[in-house]
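Colleague: I have a structure I would like to understand better, so I am pasting it below and will then ask my questions one at a time.
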Amino acid sequence: MTKLTKEVFIESLKRMSLLEIKILVDGLKEEFGIDPSASLALAGNGADSAAVVEEQTEFRVILKNFGSSKINVIKMIREITGLGLVDAKNLTETPDATVKKNVSKDEAEKIKTKLEALGAKVELK
């Protein structure tokens, strides 16, 4: 069997239809066990693929909604942020409000746990 060179392979691809190329790609994925979602994670935002992906160290705690216990959530917001009653109430009533930003993962998780225990919906970014 003759060795297939890169140039010959590329010329063969040029003569193929899009459907034939799709079938070829699907066959390669199956043959080599390629997971397309894994390559997307490595691709990131278009940066150099050799760059090391940094782990996020600072988080924002976002209050999506206060749930069924608004007063208790306001009290907890006051405790977490040190805000006054009116400011804590306004923050609690604001959709997707940032409770705290630039906090460590541990601190963000603790805040999230406290608020979710009161029925609030919280997201970390």
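Quick reminder: no glycine exception, Cβ is built from N, Cα and C everywhere.
Computed from a predicted structure; not experimentally measured.
Residues or ranges marked as domain 'Large ribosomal subunit protein bL12 oligomerization' by TrEMBL: 5-50. Residues or ranges marked as domain 'Large ribosomal subunit protein bL12 C-terminal' in TrEMBL: 59-125.
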Colleague: When the pLDDT values for the domain 'Large ribosomal subunit protein bL12 C-terminal' (59-125) are averaged, what is the result?
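Modeller: It averages 93.
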Colleague: Per DSSP, what is the residue tally for the domain 'Large ribosomal subunit protein bL12 C-terminal' (59-125) in helix, strand and coil?
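Modeller: Reading the DSSP string over the domain 'Large ribosomal subunit protein bL12 C-terminal' (59-125) gives 34 helix, 18 strand, 15 coil.
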